Amino acid sequence: MTERRDNVSHAPDAIEGPNDGAHAEDTSPGFFSFENLGVAQVQVVGGTLNGFSIGFVAVYILLYEVATNCSLFKTTEACKAVGSYGCEWKDTEVCSWKKECDSDSDGVNPCESLIGYSSLYSGIFASAMIVGSMVGSIIAGKCITMFGLKKSFIIVGVMSVVASALNHISVATNEFWVLCAGRVLMGIGLGVVCVICPMYVNENAHPKLSKVDGVLFQVFITFGIMLAAMLGLILDKTVNYDNDPDMAGRFHGFCAVSSVLSVAMFLVGMFLRESTATFSQDDDGKADGGMDPNEYGWGQMLWPLFMGAVTAGTLQLTGINAVMNYAPKITENLGMDPSLGNFLVMAWNFVTSLVAIPLASRFTMRQMFITCSFVASCMCLFLCGIPVFPGVAEEKVKNGVATTGIALFIAAFEFGVGSCFFVLAQDLFPPSFRPKGSSFVVMMQFIFNILINLLYPITTEAISGGATGDQDKGQAVVFILFGLIGLICFVLQFFYLYPYDANQDHENDHGTEPVERILSPVDVPTPRN
């Protein structure tokens with residue numbers, strides 16, 4: 001029988017009594033107090049770095065397409081400035097490609113294959129960080145138990161700085177594989193960040209503020225994505241095609257933001273106060289007073305692990321990544337510039353995530369997550385799916401309904417699904433099992449992320465009858481599937497969060513000693529609820 005200890009986090013793992021809640025309301029620190037900001041800073045820096053790295057790919061690919069589209073540059077000076085990207089000034093007084101264009105091309109522009117990355121390279125580039133993040137989430141639990149949370153932040157900071165340096169080296173040498181190596185390394189660090197940032201807040205924030213601080217991670221992820229989109233819009237629209245476009249300088253400037261955030265992550269780790277939660281390196285946790293990471297076996301946690309995978313499915317398999325890819329296309333179809341449309345979508349994504357902050361002070365994580373997952377699933381099914389299917393609605397009606405559906409889907413997702421996920425990834429498990437449990441849940445969402453990125457375009461095209469088929473058919477069917485998956489996950493979460501034996505004690509493995517039920521904090525009310 002394993003001894004159970006009480007040296008756990010500040011996070012509310014049990015329901016407070018009325019007097020305790022009132023006392024906490026009177027003596028707790030304010031949201032903008034130094035005490036709380038000292039805890040929440042990990043969400044600000046870690047979330048922004050994560051979000052900017054997510055938005056990094058689309059902007060970098062866009063800038064690379066501009067740099068390699070030699071025909072855009074109108075003067076000798078401008079053409080020579082992009083010589084490292086394969087351009088040269090021809091005797092015909094035009095800027096063209098050093099390589100011979102594909103004379104057998106069926107396209108309008110025979111040099112189209114020389115513009116930007118190939119589809120294979122684009123896929124490798126886009127997937128590199130996600131694969132690294134999956135690896136990082138796997139090793140996050142071991143990293144926490146071996147080094148502790150504070151040292152884990154320092155390690156991630158060092159990895160991020162090295163990854164950012166590789167980005168700058170890639171820009172200077174125009175070497176694709178160096179860029180991919182930097183993305184993989186950054187991904188490993190961010191996989192760890194997705195575990196340690198929410199865990200540090202969960203273990204160290206005041207009970208009154210722990211859930212509000214918890215949703216900040218997703219808020220600043222969306223801020224980082226919007227920041228990348230905004231910089232991409234500015235850098236794209238200010239290129240001087242008649243003089244020196246300074247494309248290398250634009251790449252370096254864009255990568256410098258990631259470098260600054262990486263240094264900030266390292267500094268956070270250096271000056272961060274030690275976490276109140278520590279994990280013992282001793283077999284039973286008695287030698288140094290830390291929690292025993294082996295207190296619970298994987299077999300004992302099968303049901304929480306399963307439900308963690310279900311929450312990860314709600315996060316990714318309802319199609320947030322597909323929606324983000326589909327939304328810029330819709331804005332382009334409506335006559336909007338793609339880069340501007342991309343920025344507006346990301347800005348809406350950020351603005352809606354801000355709503356989660358006041359919601360977290362009034363509702364439980366459970367209420368926010370399952371309610372918003374239901375709404376988001378319905379948006380996929382009834383606005384983005386069925387009306388888009390060919391023959392169901394007229395073209396104008398279809399575009400209007402789909403655009404509205406995407407806007408409402410993003411809002412519902414950020415109100416409760418995305419904002420609560422990283423909190424629930426901690427709260428579903430007892431404190432001593434959180435390094436393992438949270439790592440598993442975060443790993444599952446990265447696996448689902450990879451599956452969506454790989455299968456979404458393939459499935460859509462296949463259902464549509466190929467590249468020349470009606471793509472609306474494939475889009476509609478895929479979004480209907482997203483909605484159905486979301487509703488199935490909703491039903492499972494609804495019944496799990498209201499377990500039949502919620503108020504009953506459970507016995508230990510020997511059946512002789514009652515063991516205190518670990519109430520999932522998704523059931524725990526906030527001071528205002």
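Yeah, the Cβs are placed from backbone N, Cα and C, and that goes for glycine too.
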Determine from Swiss-Prot whether Ala467 and Phe31 lie on identical sides of the membrane.
no
Stretch with greatest number of CB pairs under 8 Å, the transmembrane segment (251-271) reference, 153-173, 176-196, 301-321, 405-425, 440-460 candidates:
153-173
When you look at the transmembrane segment (176-196) alongside the transmembrane segment (477-497), do they share 3+ Cβ pairs under 8 Å, ignoring any pair fewer than 6 residues apart in sequence?
no
Sequence-remote contacts (6 or more beyond its ends) of the transmembrane segment (215-235), Cβ cut-off under 8 Å?
40, 43-44, 46-56, 58-59, 62-63, 197-198, 201, 250, 253-254, 257, 261, 339-340, 342-343, 345-347, 349-350, 353-354, 356-357, 360, 414, 418-423
Any residues 6+ beyond the ends of the topological domain 'Extracellular' (461-476) with a Cβ under 8 Å from its own?
326, 384-390, 392, 398
Taking pairs 6 or more apart in sequence, does the count of Cβ pairs under 8 Å between the transmembrane segment (440-460) and the transmembrane segment (153-173) hit 3 or more?
no
